[in-house]
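> The transmembrane segment annotation in TrEMBL covers 7-26, 63-86, 98-116, 128-145. Positions annotated as domain 'EXPERA' by TrEMBL: 8-140.
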Amino acid sequence: MGAFLKLIDVILFIVFLVIAIGAPFLDAQTCLPSTLFPDILINLNTWYTHQFGDYLVSEKPHFFVGLIWLELLFAWPLALACLYGIVAGKSWLRITCLLYGVSTLTSMVAILSELVGSGKASEKLLKMYFPFMGFAVLAILRGFLPHSPKTNAISTKSASARKKRA
């Protein structure tokens, strides 16, 4: 079970790292003025929108803007907390993963319902969004798995250094 838990933590760490970087620099462009972002980030977002045909990012429907605000104010801080929780082996990681996963799964159901139901989304765009639903389910699963003590978390300390502490 320890290796399985560690594998899930490594996968989630990578996803949370992507969210920690992407949310404030790319997703925030949906609901904040473009004057707050450097041209390179605006160009990257424009490239993504055209490359994947993401009409939600370009058209900015109200429900989508609301979900981005939810991501920035609730899910993004949880992603940061999960990153720290994985690295430090914190016991509350289960709770933050569960909260993040449920919030993201709920958002992804709304977004994917729009993408599939509208008929506007390309297969390429759906392939971009569907993995986030899977990661949300993985975060929920991690919330139900037992706590991995610091020795099982991603750590830089050697096993002998951890054992010497009384």
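For all residues, glycine too, the Cβ spot is worked out from N, Cα and C.
Are these features on the surface or tucked inside, and what touches them?
If one looks beyond the transmembrane segment (63-86) by at least 6 residues along the same chain, the residues whose Cβ comes under 8 Å of a Cβ in the stretch are 9, 12-13, 16-17, 19-20, 23-24, 27-28, 30-31, 56-57, 92-93, 96-97, 99-100, 103-104, 107, 110-111, 114, 139, 153-154.
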> Over the span of the domain 'EXPERA' (8-140), how high is the average pLDDT in this prediction?
97
> Which residue counts does DSSP give the domain 'EXPERA' (8-140) for helix, strand and coil?
115 helix, 0 strand, 18 coil
